[in-house]
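A.B. asks: Pasting in a structure now, in structure tokens, and then I'll have a few things to ask.
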Amino acid sequence: MHDMTLAAARKALSERKISARELVDHHLSAIEKLDGEINSYIVTTPEKAREAAQAADAKLAKGEGGALCGIPLGIKDLFCTDGVQTTAASNILRQFVPPYESTVTHNLLRDDAVFLGKTNLDEFAMGSTNMTSAFGAVTNPWQRDGSSTKLVPGGSSGGSAAAVAAGLALGATGTDTGGSIRQPAAFCGIAGVKPTYGRCSRFGTIAFASSLDQAGPMARNLEDCAILLGSMAGFDPKDSTCVDRPVPRYEDALNRGVKGMRVGIPKEYRPDNLPAEIAALWDQGIAWLREAGAEPVETSLPHTKYGLPTYYIVALAEASSNLARYDGVRFGERVPADSLDALYEATRHAGFGEEVRRRILMGTYVLSSGYYDAYYLRAQKVRTLIQRDFLNAFENVDVILTPTAPSAAFAHNERPTDPVQVYLNDVFTVPASMAGVPALSLPAGLDHAGLPLGLQLIGRYFDEETLFAAGHVMEKAAGFAKRPALHAGNVA
Amino acid sequence: MSYRIEGATGAWEIVVGLEVHAQVISNAKLFSGASAAYGGEPNTHVSLIDAGFPGMLPVINEECVAQAVRTGLGLNAQIHLESRFDRKNYFYADLPQGYQISQFAHPIVGEGQVEIELGDGTTRHIGITRLHLEQDAGKSMHDQDPTRSYIDLNRAGVALMEIVSEPDIRSPEEAGAYLRKLRQILRYLGTCDGNMEEGSMRADVNVSVRKAGEPFRTRCEIKNVNSIRYVMQSIEIEAQRQVEIWEAGGTVDQETRLFDHARGETRSLRNKEDAHDYRYFPDPDLLPLVIERDWVDGLRAALPELPEAKRDRLEKEYQVSRYESGILTAEQAIADFYETVAKDRDPRLAANWMLGDFFGALNRTGRSIENSPVSAEALRELLALISDSTINGKIAKEVLEDMVETGDSPSVIVERKGLRQVTDTSAIEASIRAILDANSDKVTEYRSGKDKLFGFFVGQTMKAMKGKANPAMVNDLLKKLLSE
């Protein structure tokens, strides 16, 4: 069962070769054995999971059950889950148990998925390392050849990525604001999809930057992601930014092939200091697509260089506002004080970690009167230019190929002390987020130390299907099969 | 008759602009499905959205948008087909999300105007700068516990229309007239109940003073004044304060002030230095609000007749005076009542009875038109009895009093009390002859030229006939018999 994909498990379940209960027990025991080292889960819910598996088995026995019947998943702890602790990896919500279910997890439950627990993340999804969680850092299940140095899984969906990579879930939910699905997927050697903004409801997902946040699937391969996204996506009247258009059967797009497809290679994504092995992997990706019948075309996204700075203005402005509600008055932790202002200060100081506080302060600054025009307004204008870049590019190409991240996973203790250096991790993923276009990362190869590297495909608005088609071609060519050092199969 | 404050250095003019917060009449709140009803146990009309729970998102309530558009149309204002919601960020215990969703840069309604009428019958136009939609905040309750404050979120998220006037108002009287007119329009439209006691309409008052012909001087904002009388008082008091400062050689600071009606003063609430930096920006949870021209046209077509139009029509259709039409249209319910009474009746008679005895009866019993003890139909019936000479006007007054008391229909009362008018010539004539016989001395006086005695004979006859005689017939017959 260790190396089973979600699709294979689903087949085995429907053929009754395994039971949902067995599958869930297997994962729960793997978590118990391994997650002490990885810390990918903040909380597990074994009883609920077994109950759900039992219900799934009952449905399977009758030949009923939804598309994910009996499939054990990890849920990023940014999704509110009814009656289950939802912390956003923050002290301020350490004890928070929502009495409601996010739409995305509701959709998964509708399709009879089984939730193993809530996965770790950077606090309030702010980070690219998963080092900012109030529940401790997540360790990447991968290790450099011949070294047991602890590596970061990427962020912010690092817990989800690590759990999937280590065999502690068949799939997981992530959220991506500037690369938080794609970058950890790349660091952990799995696939992850950030759908078009508006494709998945944000209702019940704790907000970081509302105009950018988008839920998406993380799994071993793109087929699994396609299955998961099909369940997660869809119109939700409870989210005004959620788009009312039918959800395609993404699985059907996987084998479309790429014949005649024009693949844009943006010249701006090849900076002088791009590591050689990243550049080489990118060239390899181009070659795979060409061999399968696609036509690589140089394209230009001229405003790419402004992506990161404008992202950090827009995202943090929104974050400073979205996090204002955590003030100790209604829910979450409260630090008592003599006055209301003192209560806010003490609560927010104790409740938020350093990175979150830094971002709130920066976001507050850029929105302040007197600075608004210089920062926020200008960033919004640049954002429009970035969107236009993609629209122009997609007049000539069907999909855009880039690396996912500028490096492989780095060690916990190698984390740059300069926060700006950390922010550079998102340099390739941020522009697609700013534009709201869909993008995915797939595991495409290994670096010199045996660590996974990812390639990113970016598509037109609501054209996830083309991404799946192109990605699947590359996936087959890459034949990525290596397992990480920390894996359920190695401890069983 | 312009309003001036006479200072030591001469006359000062006042400049006033009003920001009126009007609570939208709707079933649900602006961005949640929770009830927008007034009152209720604390925190019983609160959804997770209103309480700012993690992951909760706002979804606009179309009816609130329609109400804002109707109001804009009623204020002869521009309707913006595209508007936007911004977040106004500030920390306050009764502001659950840490921001208020409000329209700041792009309101749904732009410039318009309101015509006001002053005591001397003159009219003025007060410009409307804008109307925007926003969420109300909750309420902090500091008097429930000696050490703690409680928060009631029932009002949090309720839709408000903020109606901002131009600084066109030049006297307390104009401010009062403007607020009354605004309230009248809102009530006609059914978009706000205008109830200032319950806080569903409240005003922020911006006051400055200047010498004639000068540009504007610094203004102060008096927050949350909750009655028309207080608005007028606060303007007077604040303007006086500012004049005194300027005349003493000081400067008025731009600040937010509070009106203390008990002490008859305004007090500083916060000054500009610690004014909030609200950090506005477009709410990323909401798309720009785009409405269709056709939808607006549909709302326009379905608007009720507004006070001005109704007034003009009443004057034309029912020949009531300008003064009477003003009273009859003060509230939609009064106008409706009048039109029901006047239908197929003598409209002048209807107006006289409404404005005279009927309103008198309402005042006396402390009732409003909505819970009047006499229905429009009943009053209409009374007029019919007068017109067809079943009863005369004097008897009708008696009948109306009985109606107010018993709620019976006028014909029932007339029958019960036997008040039917006597139009039988021989009966009246017999009665007159008896009076004339009994007062032969007065008859002689009359005939020798003391005309005034005619009234005496009428009175005696009516008295003898218990008021039920037809007065015209009494007159005619008296004249005839006296000249015999």
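All positions are counted from 1 along the displayed chain.
Placed from the backbone N, Cα and C atoms, the Cβ positions cover glycine too.
TrEMBL entries are annotated by machine, without manual review.
Sharing the feature lines straight out of TrEMBL:
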type	residues	note
ACT_SITE	A:LYS76	active site, charge relay system
ACT_SITE	A:SER156	active site, charge relay system
ACT_SITE	A:SER180	active site, acyl-ester intermediate
A.B. asks: Where A:SER156 (active site, charge relay system) and A:SER180 (active site, acyl-ester intermediate) are concerned, what is their Cα separation in Å, rounded?
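C.D. replies: Cα to Cα, A:SER156 (active site, charge relay system) and A:SER180 (active site, acyl-ester intermediate) are separated by 5 Å.
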A.B. asks: Taking only same-chain residues 6+ apart in sequence, whose CB is under 8 Å from that of A:LYS76 (active site, charge relay system), what do you get?
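C.D. replies: Once residues fewer than 6 apart are set aside, A:LYS76 (active site, charge relay system) is near A:LYS118, A:THR119, A:LEU121, A:SER157, A:GLY159, A:SER160, A:ALA172, A:THR173, A:GLY174, A:THR175.
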A.B. asks: Work out the three-state DSSP category of A:SER156 (active site, charge relay system).
C.D. replies: coil
A.B. asks: Which residues of the same chain, at least 6 positions away in sequence, have a Cβ lying under 8 Å from the Cβ of A:SER180 (active site, acyl-ester intermediate)?
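C.D. replies: Listed in sequence order, they are A:ASP122, A:ALA125, A:SER128, A:GLY155, A:SER156, A:SER157, A:GLY174.
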A.B. asks: Using all protein chains in view, find how many other C-beta atoms are within 10 Å of the C-beta of A:SER156 (active site, charge relay system).
C.D. replies: 35
